[in-house]
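Enquirer: Okay, handing you the structure first.
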């Protein structure tokens, strides 16, 4: 308890640095799992707010002959898809706007307070949305307001957890570590689907109340146990936080976690040696973060990659209900396979990018393959349950792999770029810019799906394929730079030197 309330009061670590890193990974994993767990119920409940009433038998209400007698007003109208799109965008637009501001606050406030406070408030607004069922609320503005408030407070999550992980880990195997860690997104979606599906047909309000309680409880746990910086408990920071020289000689240090520095002194010895007091680095400005090489390209790529991912997140269960004619619970359970593929895709993308050193190239290849797979899923993915399962997993891996890689390893790499000269305060702002730009796509995707779906689901998938292609094209310059680097490396290995 004393560790949580005043970690800076400790002058020596109570645990080994490795165990503190493990604790940080587990806590931040559970925190962001609960964030996505609370976002998922809306996609499951949609099919219950406007179900096929004729399939339930005769109308028990003698005062109405409407074919939508079992729907929840105001979603019982013919424009219910547009209303669902409005709900999605109320959350996502607020999230996108708030994300650009959130990183700035995250650098200037204690991350532990900022993260735990946001989680408690998110739990409150998620539960209030579900209480609309028990309070018999049928006005659209109530649900819109709850979504806007929830979208704003949920922006506290991503910059905070990425900054915490970046504070504890160097760049050595960051792609693989953060690829595994980033499975919290898919794990949260899966748990959110299963929890929401348990009550969707009986009392859909509990599909929101229970996840709201879970994220609030996790916020309290985070407040008591999260350690923000290694220095707070007497541990040495990762190398990218202390390296302020040799930025112009990237080969001087062969590994960010290697045992020797340029002077031959071990990193542990160096951290234990006397240091002159250094000035606290100032938080980077918004424009300063944009000038970091690669931030603009990866941000715009994530805009289109996240457009595809969030369209699946919010519309896949309804698509399965309409096309495969499954029930609401069965469609929700089947949609979790897309997130299972997302877990595999994030780990695979991180592993490959660590081995090759090509973050952009890994993303580009997966995006290129994802486009035809989306086409195939729409046309043959419903020909059998086995085919549907396999296609959903493959599409989830290819769609969410680049999304996971950019939001974790790439964001952390750029937030600790050599041009920053060890200023760790930039990590939260860079993360917020990249994910905030991606959140614009996350808002556009469900909106476009709601507008296009009445013309046919084929057109929705054509829109998703076009977005994947654009995401790939936006990385062209960075991919070319990586390929040239590989060619130069191979030439040096063969003994060819350019003069």
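Backbone N, Cα and C atoms are what each Cβ position is placed from, and that goes for glycine too.
What you see is a predicted model, and the numbers here were worked out from it, not measured in a lab.
From TrEMBL, here are the annotated features:
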| type | residues | note |
| --- | --- | --- |
| COMPBIAS | 253-268 | compositional bias 'Polar residues' |
| COMPBIAS | 269-278 | compositional bias 'Basic and acidic residues' |
| DOMAIN | 27-484 | domain 'Major facilitator superfamily (MFS) profile' |
| REGION | 246-278 | region 'Disordered' |
| TRANSMEM | 83-106 | transmembrane segment |
| TRANSMEM | 113-135 | transmembrane segment |
| TRANSMEM | 141-169 | transmembrane segment |
| TRANSMEM | 181-200 | transmembrane segment |
| TRANSMEM | 206-227 | transmembrane segment |
| TRANSMEM | 295-316 | transmembrane segment |
| TRANSMEM | 336-353 | transmembrane segment |
| TRANSMEM | 360-377 | transmembrane segment |
| TRANSMEM | 389-414 | transmembrane segment |
| TRANSMEM | 426-448 | transmembrane segment |
| TRANSMEM | 460-480 | transmembrane segment |
Enquirer: Answer with yes or no whether the transmembrane segment (360-377) touches the transmembrane segment (206-227) by the criterion of at least three Cβ pairs under 8 A, sequence separation 6 or more.
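Expert: Between the transmembrane segment (206-227) and the transmembrane segment (360-377), contact is absent.
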Enquirer: Considering pairs 6 or more residues apart, do the transmembrane segment (83-106) and the transmembrane segment (426-448) have at least three CB pairs under 8 Å?
Expert: yes
Enquirer: Please figure out which one of 113-135, 181-200, 389-414 racks up the most CB pairs under 8 Å against the transmembrane segment (295-316).
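Expert: Ranked by Cβ pairs under 8 Å, first place goes to 389-414.
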Enquirer: Mind checking which residues reach the transmembrane segment (426-448)? Cβ under 8 Å, same chain, six or more beyond either end.
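Expert: Here the qualifying positions are 85, 88-89, 92-93, 95-96, 99-104, 106-107, 111, 155, 158-160, 162-163, 166-167, 283-284, 286, 288-290, 292, 295, 298-300, 302-311, 314-315, 403, 406-407, 410-412, 414-417, 420, 460, 463-464, 467.
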Enquirer: Six or more residues beyond either end and a Cβ under 8 Å away: which residues meet both conditions relative to the transmembrane segment (181-200)?
Expert: 25, 28-30, 32-41, 43-45, 47-48, 165, 206-208, 210-211, 214, 313, 317, 328-329, 332-333, 335-336, 339-340, 342-343, 346-347, 350, 396, 400, 404, 407-408
Enquirer: Using Cβ atoms and a strict cutoff of less than 8 Å, what residues sit near the transmembrane segment (336-353) while being 6 or more residues removed from its termini?
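Expert: Same-chain residues near the transmembrane segment (336-353) but 6 or more away: 174-180, 182-183, 185-187, 189-190, 193-194, 309, 312, 316, 359, 362-363, 366, 389, 392-405, 408-409.
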Enquirer: Could you pull out which residues elsewhere in the chain have a CB under 8 Å from any CB of the transmembrane segment (460-480), counting only those six or more residues past its ends?
Expert: 294, 297-298, 300-305, 307-308, 311, 315, 319, 358, 360-361, 363-364, 367-368, 370-371, 374-375, 377-378, 399, 402, 441, 445, 448-449, 452-453
Enquirer: Are there residues at least 6 beyond the ends of the transmembrane segment (141-169) whose Cβ is under 8 Å from a Cβ of it, and what are they?
Expert: 20-21, 24-25, 28, 31-32, 35, 38-39, 42, 86-87, 90-95, 97-99, 101-103, 106-107, 111, 114-115, 117-119, 121-122, 125-126, 128-129, 132, 177-178, 181, 226, 228-230, 237-238, 241, 407-408, 411-412, 415-416, 424, 427-429, 431-432, 435
